[in-house]
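J.: The ATP 1 binding site annotation in Swiss-Prot covers Trp401, Ser434, Gly458, Ser459, Thr460, Gly461, Ala462, Gly463, Lys464, Thr465, Gln493. The compositional bias 'Acidic residues' feature in Swiss-Prot is assigned to 1470-1480. Summarising the annotation, Swiss-Prot assigns ubiquitin cross-link to Lys688 and lists similarity to another entry as the type of evidence. Among the features that Swiss-Prot reports, domain 'ABC transporter 1' is placed at 423-646, with the record citing sequence analysis. The N-linked glycosylation site annotation in Swiss-Prot covers Asn894, Asn900. Taken from Swiss-Prot, the feature S-palmitoyl cysteine covers Cys524, Cys1395, and the record attributes it to similarity to another entry. What Swiss-Prot lists as phosphothreonine is Thr717. Annotation source Swiss-Prot lists region 'Interaction with GORASP2' at 1386-1480. Residues or ranges marked as transmembrane segment in Swiss-Prot (evidence: similarity to another entry): 78-98, 123-146, 196-216, 223-243, 299-319, 340-358, 859-879, 919-939, 991-1011, 1014-1034, 1096-1116, 1131-1151.
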Amino acid sequence: MQRSPLEKASVVSKLFFSWTRPILRKGYRQRLELSDIYQIPSVDSADNLSEKLEREWDRELASKKNPKLINALRRCFFWRFMFYGIFLYLGEVTKAVQPLLLGRIIASYDPDNKEERSIAIYLGIGLCLLFIVRTLLLHPAIFGLHHIGMQMRIAMFSLIYKKTLKLSSRVLDKISIGQLVSLLSNNLNKFDEGLALAHFVWIAPLQVALLMGLIWELLQASAFCGLGFLIVLALFQAGLGRMMMKYRDQRAGKISERLVITSEMIENIQSVKAYCWEEAMEKMIENLRQTELKLTRKAAYVRYFNSSAFFFSGFFVVFLSVLPYALIKGIILRKIFTTISFCIVLRMAVTRQFPWAVQTWYDSLGAINKIQDFLQKQEYKTLEYNLTTTEVVMENVTAFWEEGFGELFEKAKQNNNNRKTSNGDDSLFFSNFSLLGTPVLKDINFKIERGQLLAVAGSTGAGKTSLLMMIMGELEPSEGKIKHSGRISFCSQFSWIMPGTIKENIIFGVSYDEYRYRSVIKACQLEEDISKFAEKDNIVLGEGGITLSGGQRARISLARAVYKDADLYLLDSPFGYLDVLTEKEIFESCVCKLMANKTRILVTSKMEHLKKADKILILHEGSSYFYGTFSELQNLRPDFSSKLMGCDSFDQFSAERRNSILTETLRRFSLEGDAPVSWTETKKQSFKQTGEFGEKRKNSILNPINSIRKFSIVQKTPLQMNGIEEDSDEPLERRLSLVPDSEQGEAILPRISVISTGPTLQARRRQSVLNLMTHSVNQGQNIHRKTTASTRKVSLAPQANLTELDIYSRRLSQETGLEISEEINEEDLKECFFDDMESIPAVTTWNTYLRYITVHKSLIFVLIWCLVIFLAEVAASLVVLWLLGNTPLQDKGNSTHSRNNSYAVIITSTSSYYVFYIYVGVADTLLAMGFFRGLPLVHTLITVSKILHHKMLHSVLQAPMSTLNTLKAGGILNRFSKDIAILDDLLPLTIFDFIQLLLIVIGAIAVVAVLQPYIFVATVPVIVAFIMLRAYFLQTSQQLKQLESEGRSPIFTHLVTSLKGLWTLRAFGRQPYFETLFHKALNLHTANWFLYLSTLRWFQMRIEMIFVIFFIAVTFISILTTGEGEGRVGIILTLAMNIMSTLQWAVNSSIDVDSLMRSVSRVFKFIDMPTEGKPTKSTKPYKNGQLSKVMIIENSHVKKDYIWPSGGQMTVKDLTAKYTEGGNAILENISFSISPGQRVGLLGRTGSGKSTLLSAFLRLLNTEGEIQIDGVSWDSITLQQWRKAFGVIPQKVFIFSGTFRKNLDPYEQWSDQEIWKVADEVGLRSVIEQFPGKLDFVLVDGGCVLSHGHKQLMCLARSVLSKAKILLLDEPSAHLDPVAYQIIRRTLKQAFADCTVILCEHRIEAMLECQQFLVIEENKVRQYDSIQKLLNERSLFRQAISPSDRVKLFPHRNSSKCKSKPQIAALKEETEEEVQDTRL
């Protein structure tokens, strides 16, 4: 970044913002880059601001029992805030004084007041000086207040982030990631732009008092008629606002439902295509969209009338102020025009400035209170460890994740019992729990000596991870003692990769040791992977390591833990994503040899690992089932395998239910606090559905559980969670993106958090931060790929993983709205900022406007209709003004009249009443025409939005994966959330406002041109100057806004990344380093935002300067060229003031329209995406004249002989696959054939291309070559017909929000009897029957009430229903409990006995059932043989299979031993002094 010219700028340059000219010039000529942005001054750095506020907040905490954050903010920013407030007030006062001088100028033209004619020129100079002073006061004041707001936001951003890193895990379990993002985005952004309005809470009343005093001088008591009307108007607008909020609240649930389905579709787009569900998903989403649009139209109409009321209230304000006085005493034209000018200022103060200021204070204080509550939450406390001990001891330890479960329910019962009058659907109250206070660990005892290996085993949900968390201090024991050294290293179950290089991820801030580093790389089998990268271990890994395979991420995470020298290593299932051979080698070389002298606790379920362990601890439902050696285990616990694997009395479903349903229901209905909230608020927070969908949804909270752990639900009054919650005051459609995506360039949108299914949907779905930390990094990342496909790994679908801490058991899409890495290096930031924005120009093109107008034919006619009505309004205005300027004037001739009454007066005799009759008639006509002329426009623009949404949805569903792979899920979802919200809500009203303002300006210019042609001549160059200035500024401002939006994403990405790796961060003590990274991300955003604010103020000030010059010209032209007659001068000067203020507004509105039209550009870009599918060759009918057999794939009534595929024979010839057109080949020249009914196993190391091959079979990639099924080539039939030949069970199970029936049969092709029959076959009937409604039970949030095994069975049922002859299975047993795995094996043998099965699997026992094996190495087929031949040769399969398995297969063979591995000596321990910086 460059040094800012602001540092050396003069006072004049700072006052007029001239120091921004270099960046404006550069932005106009070329595209701006990050390197062009100026560095921020030190006073704006996050380090300084956060330190300042943190110091004051600590002081507040120390000095008071009830600390207030607002006091800390006041001590930091109050005096500067008030300083600029005074300047703002003085600027507003000049607006009130201007009409006085205008009145004097008009009065000087009265024929009876010729002595003042000589001073008219001086009055004109004074009026112009007032405009100059106002400009010089207002703009620096507004900029200063924006600057203070920015500093407050930065300081609180930092404070919140630092607090987040200190929060206890129990607190994190109760806070959703959506709440945190809302806290940082929704609430804090109120300070950025709202602070300038805050002063109007006291300025506006003073302004009104001053104006009413001045108007009283003119009109006496009748002045209050106009004020009364304005107050009534403000109340009317408030009523309309409440009505609009009611419609928006109703609409919120519909938008939520649509975005839930849309987000699930986007995250699982590969599965949608594999199942051929494109049409079903499109129909489902469009049905929800129809309901949503009905409410959208109602809200838009109300908002339209609200906006129109302000535009057309001016007639009545002036009319009601003037009419009573005129009827009683008569009135002079000077008073009319002066009153008009006063009323313009008064209307703005009463109906806009004061309500906005009150709302700003309300929102800001609410935000401060939420942040204050958050900052006072319980912090993580490191346990007091004995640093001299060498052993690890637990004595009678018991722990709860939920602190005081029993107390929580007792409190809930008490609160509900106190509300005996409540009934109905208000909330849910739980009773009859046998789960009260269930500990996650109970009475745990063990002791291991230094250098020993403890293997911790147990079924899913037994408490293995909780045990490690307790040792780390994340989970505090409620009873018992823990003793060990504080030098801990930790490897999480789900690998966490921070943005940075591979080397940085492994070293992780520990001092670099070349020998140690190389030894760890070798032991973790990373040498070969690193050698494939051009940059070796210096390759920059993006967000979450998305360019790496799951196995590569797991090995890097393990290497990080091993590299740190510690006394105790905690390894939580580190081998979950590794193939059998790699796992075996790493366990031997790394865990057993490299770390031989270290104390290790390994969570595992592998028998080979238990045999090698010094001690074994088996957990069952939180209790210690066994502790001892392996030999003791065999003697004392012969049934240990059932407890270990979960095949006996352990209920997999109930364990998951304990951790997901109970906690989720607690979160959903927030039974922690006391404050009652309305049902609508509860509905917003709980993501509850409405209508028929919602009625079913009520039942979905229940869970089929075994009889021991049932609970009942009673309807009671709701409770609300204390502390932070989602901003229920913010209408949903204004929250439609968690974080603006990197393309966003809106100049007018408040930067608030809005739904995007990443954290936005999470905000609605109450995804806890603890769940975020314990969830698979693979989730949702299949679409999150960069363009460089060479290092990309695709699986058939990303994996879904569950742990005992998976509190909500919901799919997680945190990446969808957070697209940019927080890496700080500027060059790396360019990499991370990649998005599809390059093809969207900085300024919206005319082609986009033309295309938008022609989307709906009616829009052109509506625009013509608006123009016709406008011409009628101009004609009516001319009539009124002609009457005012040319009314016959009479002199009452009474010498006793006051001086005011000696002026020319509009006499109120009967002969002159016609003036007011005509005025009222014209005003009513204009009001009626103005009110209704925009309705057809708003209605038609919403229809255009509906059409564009439909086209975009269709395009995304039909787009090839090669195109979707280059897009980020967040970018796609933002099109459907934020951009569609803009098209629905903001764009129609903004276009209406712009057209309205433009027509007002044109009409006023037309009137002035008739009255004074000289002024028209002066107007033309001014308008030209405005247009040129707008074009000049727009080029730079949109680019700066773009960069600012991009700079915002790393902030939120860094927050989510930090939360995902929080346990690792704390274990390694890297919080200060990540705070530094966060501050750098904040500083980067600040540099862009500050520059944008500065250039915006430069533009606004230049507009004001042009206006001042124009007004000076108009004033002197009218004074020098007008002869007698005050009417003409009054009209000209009043209209001149209105023309320029309205023209300024129109120019700003045009910038807003251009910004919003960028959303339209992005939507068009998605609509223009290519569609997938190659042109098919023509197929010839059979000899009997029937249609081609490939056309009757779905027809169950056709004779079996004609159904395709009939056998499942598959021939692959020279198959080559690529992720993108023209990219590197990821599979090359694959050729083999499969006989009907044969089972083929895919073998290969992690990342070799096994899952990619399955994707290629489904034509999800760019492919070359040919595949035939039963003699039919894939080129001869459509894509849909080809994919329907396959049944698919992907890695990541796709369960969308809907009923069981919809999930199994979305096209509604099968009867209930057939569905139940299949459910019986796959073992799902007993599960489905336990739910209310059975097949009609609504699954939500990725099927959170189902275990992972049940979800896999759902996929199996889909394949059985599809009658597919070829079944593709991609890691079906990954993270499955053995019960579900055995059901899948049995179903495969029975239901798919005659089908061709292609299996990609890591479990040896599953692979042994295959007849043929396809071995893939380096993207090519190395072997394709039977199991006998592979065992005879030195193959991967032979190395992977254990001798015992070989004996089981072929007892008559002697299993040969594997090649000995190179010895790796254990690392010597480092001294105490060398590891001080890594200690907790």
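Quick reminder: no glycine exception, Cβ is built from N, Cα and C everywhere.
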J.: Count the Cβ atoms, other than its own, that fall within 10 Å of the Cβ of Gly458 (ATP 1 binding site), considering every protein chain shown.
T.: 27
J.: For Ala462, Cys524, Cys1395, listed as recorded positions, tell me which one has the smallest number of other Cβ atoms within 10 Å.
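T.: Per-residue Cβ counts within 10 Å for the recorded positions Ala462, Cys524, Cys1395 bottom out at Cys1395.
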J.: Determine, from DSSP, whether Lys464 (ATP 1 binding site) sits in helix, strand or coil.
T.: helix
J.: Could you tally the C-beta atoms, other than its own, that fall within 10 angstroms of the C-beta of Gln493 (ATP 1 binding site)?
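T.: The answer is 24.
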J.: Can you check how the pLDDT averages out over the domain 'ABC transporter 1' (423-646)?
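T.: Mean model confidence (pLDDT) across the domain 'ABC transporter 1' (423-646) is 81.
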J.: Please state whether DSSP places Gly458 (ATP 1 binding site) in a helix, a strand or coil.
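T.: The three-state answer is strand.
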J.: Give the one range among 78-98, 196-216, 223-243, 1096-1116, 1131-1151 whose Cβ atoms make the most pairs under 8 Å with those of the transmembrane segment (340-358).
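T.: That would be 196-216.
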J.: With every protein chain in view, how many other Cβ atoms are within 10 Å of the Cβ of Trp401 (ATP 1 binding site)?
T.: 23
J.: For the transmembrane segment (196-216), find every same-chain residue at least 6 residues outside the stretch whose CB is under 8 Å from a CB in it, and list them.
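T.: Answer is 84-85, 88-89, 92-93, 95-96, 99-100, 141-142, 145-146, 149, 223-224, 226-227, 321, 339, 342-343, 345-346, 349-350, 353-354, 356-358, 360-361, 364.
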J.: Would you count the other C-beta atoms found within 10 angstroms of the C-beta of Lys464 (ATP 1 binding site) for me?
T.: 27
J.: Going by Cα-Cα distance, which of the recorded positions (Trp401, Gly458, Ala462, Lys464, Cys524) sits nearest to Cys1395 (S-palmitoyl cysteine)?
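T.: Comparing Cα positions, the candidate nearest Cys1395 (S-palmitoyl cysteine) turns out to be Gly458.
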J.: For the transmembrane segment (123-146), find every same-chain residue at least 6 residues outside the stretch whose CB is under 8 Å from a CB in it, and list them.
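T.: Contacts with the transmembrane segment (123-146): 15, 17, 80-81, 83-85, 87-88, 90-92, 94-95, 97-98, 101-102, 104-105, 108, 192-193, 195-196, 198-199, 1093-1094, 1097, 1100-1101, 1104-1105, 1107-1108, 1111-1112, 1115-1116, 1119.
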J.: Helix, strand or coil at Gln493 (ATP 1 binding site), per DSSP?
T.: coil
J.: Where the distance is taken from Cα to Cα, which of the binding-site residues Ala462, Lys464, Gln493 turns out closest to Cys524 (S-palmitoyl cysteine)?
T.: Gln493
